[in-house]
Amino acid sequence: MLRTVITGVTGRMGSTLLRLARSSREFTLVGATARQGSPVVGLDAALAARMGEPLGLAVVDDLDRALDAGAQVVIDFTSAEASVAHARQCAAKGVAMVIGSTGFNAETRNRIVESARAIPVVLAPNTSVGVNVVIQMAAELARVLGQGFDVEVLEAHHRMKKDSPSGTALRLAEVLASTLGRESEDLTFARRGWIGPRSEREIGVQTLRGGDVVGEHTVFFFGEGERIELTHRATSRDQFGKGALRAAEWVARQRPGLYDMANVLGLQRT
Ligand SMILES: NC(=O)C1=CN([C@@H]2O[C@H](COP(=O)(O)OP(=O)(O)OC[C@H]3O[C@@H](n4cnc5c(N)ncnc54)[C@H](OP(=O)(O)O)[C@@H]3O)[C@@H](O)[C@H]2O)C=CC1
Ligand SMILES: O=C(O)C1=N[C@H](C(=O)O)C[C@H](O)C1
């Protein structure tokens, strides 16, 4: 049984992870955290996560306390800033991590890289198996189609999502850019006004927000007289949660370093 801490248990993903880990024989929950000063601190984690039967595990707002309960892995879907702090704490105590938070910039990502010198970390903007297969297929399509197609990425998420574009859309765009020999300046995040003809090098990344959309990503390859659309639609957060648990079992057996879901799933590196 993998001794596991889940951070941000009141969140959409935190509560999903708590429910899934609780019902799995492979995991034993040794810690549950919430933001400092959260009203759920001290409550039973199941209550905080709006689940049924109590777990007998109180929510704490200090990750160190949860780590000291013999944790082997932390699963962290909170925010980029919180994950940076959590990774530093895990690195100090030698506890492996799965980070699903998104919204990293170069600086915050580098700080995760620093922590991953001391502990194994899976950093994955999308832990669903399906999306990771789609990322690999998108790279393969780009490689085969070559330069003759205009590539655009479209993502849609629920109205509460804070970061834009999604971490998955960014990962798709980066993988497509690297396959097609494009630069980060070729990524185009918005278009408005008298923009003139589209350049051949652009990779557009566009965002929709609304309602309760769990997460949708489409890569368009627009050609002359034809187009290809590669779409992934998540209809439940359980797929992210199940992938994160799979990553947790995997990362707890690894050496220190930074990994992604392609490593967990044994997919060809993109
Ligand atoms: N990798 C993947 O597959 C997926 C990634 N995500 C990403 O995961 C993150 C969370 O998403 P979601 O669950 O929808 O967001 P929510 O806002 O529902 O949940 C975030 C939770 O983290 C808590 N939190 C924030 N800071 C801290 C802290 N320092 N310590 C402990 N808890 C903290 C929040 O508490 P409070 O409400 O009090 O601020 C909240 O409970 C986002 O970055 C999202 O993009 C989401 C789905 C899938
Ligand atoms: O915030 C979300 O909800 C999601 N975020 C991830 C992202 O930014 O890519 C993954 C998923 O699509 C849901």
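Note: Cβ is positioned from N, Cα and C throughout, glycine not excepted.
In the three-state DSSP scheme, H157 (active site, proton donor/acceptor) is classed as strand. The active site, proton donor/acceptor annotation in TrEMBL covers H157.
Sequence annotations record features per position, and here TrEMBL assigns active site, proton donor to K161. Taking the Cβ of K161 (active site, proton donor) as centre and 10 Å as the limit, one finds 18 other Cβ atoms among all the protein chains shown.
Among the features that TrEMBL reports, NAD(+) binding site is placed at G8, V9, T10, G11, R12, M13, G100, S101, T102, A124, P125, N126, T127. Cβ neighbour count for T10 (NAD(+) binding site) (all protein chains, 10 Å cutoff from its Cβ): 20.
Feature annotation from TrEMBL assigns NADP(+) binding site to R50. In sequence order, S15 are the residues near R50 (NADP(+) binding site), counting only same-chain partners six or more apart with C-beta under 8 A. Reduced to three states, the DSSP call for R50 (NADP(+) binding site) is coil.
Annotation source TrEMBL lists domain 'Dihydrodipicolinate reductase N-terminal' at 3-126.
Residues or ranges marked as domain 'Dihydrodipicolinate reductase C-terminal' by TrEMBL: 130-265.
Comparing Cβ neighbour counts within 10 Å across the recorded positions R12, H157, the minimum falls on R12. Under DSSP, residues within the domain 'Dihydrodipicolinate reductase C-terminal' (130-265) fall into helix, strand and coil as 55 helix, 36 strand, 45 coil. Mean pLDDT for the domain 'Dihydrodipicolinate reductase C-terminal' (130-265) in the predicted structure: 97. Between T10 (NAD(+) binding site) and H157 (active site, proton donor/acceptor), the C-alpha separation comes to 19 Å. According to its DSSP assignment, T10 (NAD(+) binding site) is coil. Within 10 Å of its Cβ, the residue among the binding-site residues T102, T127 with the fewest other Cβ atoms is T102.
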